[in-house]
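Worksheet: the structure to be examined is printed underneath.
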Amino acid sequence: MLLLELKKTNQTLETIHFIGIGGVGMSGIAEILYNLGYKVQGSDLVENYNTKRLESYGIKIFLGHAEQNITNVSYVVISSAINPKNPEIKEALERKIPIIRRADMLAELMRLKCSVAVSGSHGKTTTTSLVACLFEAAGLCPTVINGGIINNKLTNAYLGSSNYLIAEADESDATFIHIPSTIAIITNIDPEHLDYYRDFETLIGAFRSFITNLPFYGFAVCCIDHKIVRKLVDEITERKIVTYGIDSEDAHIIAFNINTDIASSTFDVKISLPNVLGTTIIEKITIPTPGRHNILNSLAAIAVGIELDFGIKAIKNGFNNFKGVKRRFTKVAEYNNASIIDDYAHHPEEIKATLATAKNIANKQNGKVIAIFQPHRYSRMQYLFDDFMLCFADADILYITDIYAAGENPIEGITGRSLVDKITKRKHHDKANFLAELDDAVGVIIDNAASGDMIIMMGAGNISSFANELDGRLSSSGFSCHTVV
């Protein structure tokens, strides 16, 4: 039954329970359902920003997973990250409580709206946030379900009043191809989630379906600077596709005259749409976040805005109002006039982009780049080991911790130390070091940080919490640290 149909009935709404409600994707859907008037509760192993936020709304949160948590619930929502042996899943199966995948619940929400789905291996969260800002500047108020905390809203999801919904579409388990979107964005396609897809061609095929499943009146927005995306665009003839890029002269939307610093990026845009005579130039667009990759993300948002006739003024205002996304090159502190950056980069391509941005800024400040990386998941490290060996070139000094398991079992020979050993042995980096304990990063910063340096703390695990606690850790060691966030 569609949620809208259920909403129309006068029956008492039954309780929806989220297993792993603190996850960024799960918490967003839970918040939207709660704001729509549904009874929502959930469980997670530990308290975090998302669980605290949901609790502040009055949503019941259980810490820990247990059979009794799903007493008196009518539906259970899970994501692909939840272990099938979870006691709440086992209890739901025993009691024949319907178990709904997160992607299916998202699809139900999107089915009621004109939806924009943002996918790609990297850049989804920032792009989703940028698209949302442009919609708001155009006088629309979209519902947004994002994969990260939007600084403008201090949440990853919010209920709007218009008929538009903008969502980050997670490609990790192919469920994104079933999302009923009207507009689809593909930022890039790289080898990722191969533990699920098994090979790269299958992953590419999923993105092909993501576009071809659009209704005939919809359109896709694709970055053809990325060669795999370009090839895909060339192969698809049955759907309208708007392209963008920086290096691709044949793209419909191109950025040029690019300038970037630690706090922002400024650029001009040339727009040459198919079946539209002439070229439009938008001068001096500014976004409050650095990096070439973020300019590309902005171009995707511009493509949507142009196609929906938002107007140049609304596009510029939307970017002016954008305040970034947490954990996307977020400056959290300063020590000894060096900037400490918290970043979500956990894939080799993301690491390259983050370090390239840091290197560009450090060079302007006569500083160096100190990278502290916490690998995430044994399976990712195993599939992309060779790529991880080659992605740290822009770090002047490199420290790698052991792997954050994220619930996975160890894989023999796949460790943070083995990565450092291979990097050193093959001479891919002459200053690569293994960091046995994350706590040792305090000493690394004290010993190495100098004025103008960029200290990049990267990963999808608990390194973010560590980065945000550095002021206290350094102070307790007798050193002064200025907190930025």
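Cβ from N, Cα, C; glycine included.
The C-beta environment of His122 (ATP binding site), restricted to residues of the same chain at least 6 apart in sequence and closer than 8 Å, consists of Thr187, Asn188, Asp190, His293, His347, Glu349, Glu350, Ala353. Positions annotated as ATP binding site by Swiss-Prot, on the basis of sequence analysis: Gly120, Ser121, His122, Gly123, Lys124, Thr125, Thr126.
Residues within less than 8 Å, Cβ to Cβ, of Ser121 (ATP binding site) and separated from it by at least 6 positions along the same chain comprise Glu171, Thr187, Asn188, Ile189, Asp190, Glu192, His347, Glu349. For Gly123 (ATP binding site), the same-chain residues that are 6 or more apart in sequence and have a Cβ closer than 8 Å to its Cβ are Thr187, Asn188, His293, Asn294, Leu296, Asn297.
The Cβ of Thr126 (ATP binding site) lies under 8 Å from the Cβ of Gly148, Thr289, Asn294, Asn297, Gly324, Val325, Arg328, each of these being in the same chain and 6 or more residues away along the sequence. Taking the mean position of the Cβ atoms of Gly120, Ser121, His122, Gly123, Lys124, Thr125, Thr126 as the ATP site, the remaining same-chain residues with a Cβ inside 8 Å of that point are Val118, Thr127, Thr187, Asn188, Asn297.
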